[in-house]
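Listed in TrEMBL:
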- HIS110: active site, tele-AMP-histidine intermediate (ACT_SITE)
- 10-126: domain 'HIT' (DOMAIN)
- 108-112: motif 'Histidine triad motif' (MOTIF)
Amino acid sequence: MPYKYDDQNIFAKILRGEIPNDTVVETEHTLAFNDIGPKAPVHVLVVPKGSYVNHDHFHSRATDAEILDFVRVTARIIADKGLAPGAGGSGYRVIGNAGPHGLQEVPHYHLHILGGRPLGAMVPDA
Ligand code: AMP
């Protein structure tokens, strides 16, 4: 079944400028801002500006320009925050939640960049 995009979700409102955000990076296709409830010293959300629900929706429907911009912005934030292990950083985690098993809360595609402390197990044991 094709995805239906709910344009009343909170990130859609942020992208329309109806709700403020703490912007980290903004480009033509991508907005990144600090998570309102940070789970680590660095907790940035990277959000494509287009109307995509989740990772598979974005990567199957977005233009190459949107995808390239999104990936590059993600890497730029990791570098700018000093998290990249290849440049002396202590590492990070990138998470994209989707659907009920992924416990996605906001139905507009986003990646979480988390870092600045040891992040523990990737997934809790069942
Ligand atoms: P997810 O479960 O992957 O959909 O995560 C949604 C994330 O959005 C959570 O980490 C929330 O803390 C975050 N969030 C919700 N509302 C806002 C907001 N207005 N500004 C910034 N982050 C938000």
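Backbone N, Cα and C atoms are what each Cβ position is placed from, and that goes for glycine too.
No curator has checked TrEMBL annotations; they are predicted automatically.
Counting same-chain residues at least six beyond the ends of the motif 'Histidine triad motif' (108-112), those with a Cβ under 8 angstroms from any Cβ of the stretch are 5, 9-12, 15, 35, 39, 43-48, 51-55, 57-58, 74, 93-97. Confidence for the domain 'HIT' (10-126), expressed as mean pLDDT, is 97.
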